[in-house]
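What TrEMBL annotates here:
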| type | residues | note |
| --- | --- | --- |
| COMPBIAS | B:369-378 | compositional bias 'Gly residues' |
| COMPBIAS | B:393-405 | compositional bias 'Basic and acidic residues' |
| REGION | B:361-405 | region 'Disordered' |
| TRANSMEM | B:12-34 | transmembrane segment |
| TRANSMEM | B:54-79 | transmembrane segment |
| TRANSMEM | B:91-108 | transmembrane segment |
| TRANSMEM | B:114-137 | transmembrane segment |
| TRANSMEM | B:144-162 | transmembrane segment |
| TRANSMEM | B:206-224 | transmembrane segment |
| TRANSMEM | B:253-274 | transmembrane segment |
| TRANSMEM | B:280-299 | transmembrane segment |
| TRANSMEM | B:306-326 | transmembrane segment |
| TRANSMEM | B:332-351 | transmembrane segment |
Amino acid sequence: MTKAAALLLAGSLALAACASDEEGGDTATGNGGASGDLKIGLAYDEAGRGDKSFNDSAYAGAEAAIDEFGGEVQEVSPNEDGSNRAELLSNLAEQGYNPVIAVGFAYDEVLGEVAPQFPDTVFAQVDGSNADGAKGDNVTGLVFAEEEGSFLAGVAAALKSETGQVGFVGGVESPLIEKFQAGFEAGARAAKPDIVINSQYISPAGDFSGFSDPAKGQIVAQSMFDAGADIVYHAAGGSGTGVFQAAAASGGRAIGVDSDQYQTVEDPALQAVIMTSMLKRVDNAVQAFISDYVDGNVEGATDVLNDLSTEGVGLSDSGGFITDIKGDLDQYRQQIVDGEIEVPTSL
Amino acid sequence: MSPILRRTGLALLGPVLAIVVALVISAGVIALIGENPLTALEVMLDLGDTPSQQTQSIVVILNRAVPLFLAGLAVSIAFRMGLFNIGVEGQYRLAAILAAAVGGAVALPGPLHVLVIVAVAVVVGAVWAGIVGVLKVTRGVSEVISSIMLNFIALGLASYLLTGPLRGSEEGASIVTTTPIPESGWFPGLNGLLTGLGLAEPRSQLYGFLLVAVVVGIAVAVLLKRTRFGFDLRASGLSPSAASASGVDARRMVLKTMLLSGAVAGLIGMPDLLGSTHVYGTQFTGGLGFLGIAVALLGRNSPVGIALAALLFAFLDRAALPLQFADIPSSVVTIIQGTIVLAVVIANEVARRLTLRSAERAGARPVAPGGGSAGATGRGNPPPSDDGPPDTTGDRTGVRQEVQR
């Protein structure tokens, strides 16, 4: 239900966007050529637009770039089983969209196949590395140091926990989400060495339902709260709502992920439990990449790393729940930026 | 109208009715969100501007239809016998990962390598489905329950194998896969055939496994329609008590049917595995087993019908992308597919009742002395409802023709 509603909403937003694009398109037809309008292709990850997280953040970045440079954005989402990803990218490239931005690591394999077929198109992949150039010379990886942001989330959880027990809920068991877990656990232990950490995943590798199953998220988080945890951090995409619900039901607290979920969650009862969110500024990364593209500064076959030092990741302070430990957090942050603390990326 | 034509007409009535109802509902939804349903239809039917794009669209549709067809076929074999094999999903996923692992581990000359991979998939699918059969005949466990439960076990097992013993990708890679199958284990594509037909060269390869699917479809059709085994299977499906009274061993039939259904299910992952991915990984297409149930329902369990249903679903799937370019939400496709499935269940029931009634009316006509009373009893005690579209005998249809004239 909510998914359908979200899709309808996303659809109507796209329609609205389209209406305004047409005007822009008309004025631009005269220009053509190199100075022509920016045509950004945006291929989303499974959940698509309206996830209030990852994909929406990428769109916000493209939107901001358009505000700056003009042009239009064409959004496409894969079908439910993600089997048409290669088609999404090829069609965008074929229809002249440039740059084409793939959102999510799930595009790893297909990008390596599609990008070499369209050497004149500039590709970028959010959450996918192309430091070795294996995906082609025209692909740039936009990667994030999730472990660094998660480290701070771990510090915040440990310092704020009254029971000495915290939890981590991962969406799908995968190397990417394990980065969140590794950082969170390292941060919690750094702040409080005797902290008890309970980490669990909603679905096993290969089963992507864990990113869009709030009911299961709630069950997993509830078991943590019942076992004595009072703060749970989630890296579970759309399932996070369930984690918030479990926190609200148990009088506990939760830490959101990707975007400032205190702002996006809407339900005031859930808002009250969101202590902070681990921000992953996909919007900034996308906007910066497009701006680089416009300036002709995209090299390809490289990665752009977004970490604490570039404010690509960080903690939100909406609601003012963590203002009292801001000093501690800033200290850890500085130590990570200075390289005094090496945050692990895997367990 | 010839009796055969009439019967196919009635058989087609259900699905066609369902598709029409689904289209009307979807058109309503599209209109509700402020878009023109006709524009949407136009976009869906438009295969592309250049010849190369058009062939590409056809390739995309066919490549999607092949696994859907096999999935529908696997489900339908069990359906025919009155068994609801919901476990196709788990059967093909487990088959695909083990076949991929074996394919990646051995080095064999060309065709033999492919044969070994396919054989592993078929055996694994059959064994996994066989568990359902064994549980049913020995312990009386409902196949619906056990096959659903085995899905979870299969997916969990596949996930464990993938991240554990069968992991072939580097540690830390975002997408976890098995070891790639060497080129000798790839199934050649059919693009030569397409260009030979005078079509433009598409971007992707048309799966060579299409031919295998066609052969399997024909084999299953012959097996069900023209052999003793097929007769026993269908008889058990129509009336288990009548079948066992006439000497069919119901327990053996359950087991054999599940093995066969599972064997076909094992093939579902093969087109993708042998034709494009060459590995089983976390991105391997899932959910085909469940889609297969919808395809089998829409195709009314006949191989030809399933092929058409698979093509329709594949066509709709492809349309999801151009719709997005036309700024029409691609969920329209999901709505159409969902309403088709819902409508097909209702329409099949309506069509069944219509056939039943028309057969009864034909039967009610006095054919011979005593025929009238037979008709009366026919009306008094409606025939067993699981009879499906009844196979009216030749003289009865003859009567019906007379009535029509």
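Cβ atoms are placed via backbone N, Cα and C, with glycine included.
Using a cut-off of 8 Å between Cβ atoms, the transmembrane segment (B:91-108) and the transmembrane segment (B:280-299) share at least three residue pairs, counting only pairs 6 or more apart in sequence.
Long-range contacts of the transmembrane segment (B:253-274) within the same chain, counting only residues at least 6 positions beyond its ends with a Cβ under 8 Å from a Cβ of the stretch, are 63, 66-67, 70-71, 73-75, 77-78, 80-81, 83, 85, 87-88, 91-93, 95-96, 99-100, 103, 114, 117-118, 121-130, 132-134, 136-137, 143, 181, 185-187, 207-210, 212-213, 216, 220, 229, 232-233, 236, 243, 280, 284-285, 288-289, 292. Under 8 Å from some Cβ of the transmembrane segment (B:12-34) lie the Cβ atoms of residues 40, 298-300, 305, 309, 312, 328-329, 332, 335-336, 339-340, 342-344, 346-348, 350-352, 354, all in the same chain and six or more residues away from its ends. Within its own chain, the transmembrane segment (B:206-224) is flanked in space by residues 59, 62-63, 66, 69-70, 73, 77, 80, 118, 187-191, 193-194, 230, 233-234, 264, 267, 270-271, 274-276, 302-304, 306-307, which lie at least six positions past its ends and keep a Cβ under 8 Å from the stretch.
The list of residues near the transmembrane segment (B:306-326) in space but at least 6 beyond its ends in sequence, with Cβ under 8 angstroms from a Cβ of it, reads 15, 19, 39-40, 43-44, 46, 57, 60-66, 68-69, 72-73, 76, 217, 291, 294-296, 298-299, 332-333, 336-337, 340.
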